[in-house]
Amino acid sequence: MQFSFHQQRQDLKDAMSTDYILQTRDLTKEFKGFVAVDKVNLQVRRGTIHALIGPNGAGKTTVFNLLTKFLTPTRGSIHFNSHDITHEKSAQIARRGVVRSFQISAVFPHLSVLENVRIALQRKLGTSFHFWRSAKSLDVLNGRAMELLESVDLQSFADTMTVELPYGRKRALEIATTLALEPELMLLDEPTQGMGHEDVGRVADLIKRVSENRTVLMVEHNLSVVSHICDTITVLQRGAVLAEGPYEVVSADPRVLEAYMGTEHG
Amino acid sequence: MKGKHIGWIVLIAVGLSAPFLVYPVLVMKILCFALFACAFNLLLGYTGLLSFGHAAFLGWAGYVCGYGVKELGFSPELGILAGTATGAALGFVFGSLAIRRAGIYFAMVTLALAQLVYFLALQFPFTGGEDGLQGVPRGHLFGFIDLSDTMNMYFFVLAVFLVGFWIIDRAIHSPFGQVLTAIRENEPRAISLGYDVDKYKLLAFVLSAGLSGLAGATKTLVFQLASLTDVHWHMSGEIVLMTLLGGMGTVFGPIVGATVVVGLQNYGAELGQWVTVLTGVIFVLCVLAFRRGIVGELALLIKRSGIRM
């Protein structure tokens, strides 16, 4: 199972070995003289799961914020599908198909679970400015919303107020909401953070499942998750790329061991 | 859903019977402030934006309506439309500038702009300055309904209120309202789902300001007066109080809040300055102990007791 999945991925990678969905060139972010992200050249291959790892404060989340323009880069450029998106706005980038999640669970707590997913679906109807139209007009989306909830095992919670969901379920809902946009590239910021053991496994499986036909770039601390599902790993340290490659290569790199995994493996 | 229908029925029943039980002008005043508070709540309760400049829309709509009717010979319905348009136009200007900032800065920008137009109202000759615009005739609605008759005026105000309230209720429960709630609940997430949140906030602001204008213009016809009181920042504060007291983010809360505050001011008038102290105490109690407001706390009680709304 594990092997065939990796084999499939490998085939996919070979077929599109030079097809990069996302590239950055010398991406740099300075905060009043402090360089948080230092000339990062990231290349994310289409159809892969790519992990961004590194010790605390290495600049992983800052990179995410730059890629989705929640922060403006000081220098450098970002290219998605060969389009320069460096100067586009966050919402514009989202509409291009780059959809991110957040480190803390990003749900709408006082909407029902179904409504959370529907918010993502309703933009395509083009009626989101129609303040004179009944919200019942959104019911046509309920079928698709339920399908998405089923794909993350949340169908029985459809009418639950989201604030009442357990944490792991909220993360699953977040993934369903992101999937509703059918993103080409999903950016997941620590999807298993703060989760219990069984939830970690469930969410990792879920990510693997939904990554078919799309590309995932994720920040992740849990190395067992990274080693199981990720094809390529980029290690950041103090804002700069320290190493890059598949898990076997990166985990054997002495610089990485020293900077990051040394503490993990004792 | 069912609870909402009951709410509407109670609202209409009370609206139809109130002028026979209470002094009609007082009820009209309550209706105007209730509409104002509901419009404000669309922004505070459903979009999460605290404006501290809403008096500008109420007051300036009153001046434009009053001037149009008194000096330019507008019919009452045209005066009200002109006032509503004034509120919406001012809202567009205020909103465009203020939504670039969030939180306390948003509130400060709206307050600063409202102060600016307050001084304009004080200085412009057509507003009557300290005296205000007095003796605005109520005129004939659609040319044949004499609004100087108190009952005619009352039912006209009730109709205006119900139409305004229906628009707000619908906006809250529309595809647009869903996006507003999403923005209130988690703005970065709404952005990451591809929504240009500034455009949604601006439309909400313009809607809220326009409906505040509707309330202000109607109020001017009721009292036949447009004055500085309605553009003063005290008014912007009072509307926050009414909305919080009734229950922000609840459909009917602001109506209850407006009724309590206006009623208190009216019946507590013999207490003189002590009314202000009393309102202050109620406000503090509300913020400390009843954070959800009257309607919000009631809804919670009903939910806890297991009755489905």
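We number each residue from 1, going along the chain as drawn.
Including glycine, each Cβ sits where the backbone N, Cα and C put it.
TrEMBL entries are annotated by machine, without manual review.
As written in TrEMBL, here are the features:
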- B:6-26: transmembrane segment (TRANSMEM)
- B:33-58: transmembrane segment (TRANSMEM)
- B:78-97: transmembrane segment (TRANSMEM)
- B:104-126: transmembrane segment (TRANSMEM)
- B:151-168: transmembrane segment (TRANSMEM)
- B:202-227: transmembrane segment (TRANSMEM)
- B:239-264: transmembrane segment (TRANSMEM)
- B:271-290: transmembrane segment (TRANSMEM)
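Same-chain residues lying 6 or more positions outside the transmembrane segment (B:202-227) and placing a CB less than 8 Å from one of its CB atoms are 25, 28-29, 32-33, 35-36, 38-40, 42-43, 46-47, 49, 51, 54, 57-67, 69, 76, 79-80, 82-88, 90-92, 94-96, 98-99, 127-128, 132-138, 147, 153, 157, 160-161, 164, 167-168, 171, 176, 180. At the 8 Å Cβ cutoff, the transmembrane segment (B:151-168) and the transmembrane segment (B:271-290) share fewer than 3 close pairs (sequence separation 6 or more) and do not count as touching.
Non-local neighbours of the transmembrane segment (B:6-26) in the same chain are 150-151, 153-154, 158, 161-162, 165, 222-223, 251-252, 255, 262-263, 266; each lies 6+ residues outside the stretch with a CB under 8 Å from one of its CB atoms. The stretch from B:78-97, B:104-126, B:239-264, B:271-290 with the most CB pairs below 8 A to the transmembrane segment (B:33-58) is B:239-264. Proximity of distant same-chain residues to the transmembrane segment (B:239-264), defined by a Cβ-Cβ separation under 8 Å and at least 6 residues beyond the stretch ends, is recorded for 4, 7, 11, 26, 29-30, 33-34, 36-38, 40-41, 44-46, 50, 52, 54-55, 58, 165, 169, 172, 275, 278-279, 282-283, 286-287, 292-297, 299. Outside the transmembrane segment (B:104-126) by six or more residues, the chain places 49-56, 59-60, 63, 67, 71, 90, 93-94, 97-98, 133, 228, 231-233, 236 with a CB less than 8 A from a CB of the stretch.
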